[in-house]
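Enquirer: Please see the structure below; I have some questions.
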Amino acid sequence: MKTMRMNSAFILAFALAAAMLILTEAANTAFVSSACNTQKIPSGSPFNRNLRAMLADLRQNTAFSGYDYKTSRAGSGGAPTAYGRATCKQSISQSDCTACLSNLVNRIFSICNNAIGARVQLVDCFIQYEQRSF
């Protein structure tokens with residue numbers, strides 16, 4: 001009887017430890033692929049402001065919009081509109097989705113060298129942005 005209780009306690013402890021590992025696993029932000037437009041965003045371009053605002057919108061809202069979110073940010077004074085889409089794997093948590101997209105937003109300009117349009121895939125998330133609707 002005592003052995004059975006010890007086995008049950010061991011199994012319960014093992015199950016709890018396994019659950020903790022699963023729950024604390026961070027988003028996988030390893031680079032997978034990219035496709036970058038050859039045109040670059042001109043320094044000081046009004047499009048750059050629209051693009052950064054649109055990327056912030058993607059980062060903040062994708063996890064709460066079914067893990068697939070499209071948006072655009074119009075510019076004032078004739079500045080080009082920035083169009084974007086972000087997705088996350090359905091199997092990750094909302095906080096991991098947001099963390100993955102935050103990581104990608106911080107890296108996307110260096111990955112694509114300030115391209116006017118880009119598609120970048122990390123293991124757990126994806127962002128596409130363009131100067132035209134898609």
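Yeah, the Cβs are placed from backbone N, Cα and C, and that goes for glycine too.
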Enquirer: Among Asn28, Asn37, which residue shares the alpha-D-mannopyranose site with Arg119, Glu130 according to Swiss-Prot?
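Expert: It is Asn37, as the record lists it for that site.
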Enquirer: The disulfide recorded in Swiss-Prot for Cys125 goes to which of Cys100, Cys112?
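Expert: Here Swiss-Prot pairs Cys125 with Cys100 via a disulfide bond.
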Enquirer: Of the cysteines Cys36, Cys88, which is paired with Cys112 in the disulfide recorded by Swiss-Prot?
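Expert: That record, Swiss-Prot, gives the partner as Cys36.
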Enquirer: For the domain 'Gnk2-homologous' (29-134), what is the mean per-residue pLDDT, to the nearest integer?
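Expert: That region's mean pLDDT is 96.
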Enquirer: Quick one: give me the count of other CB atoms within 10 A of the CB of Asn37 (alpha-D-mannopyranose binding site).
Expert: 17
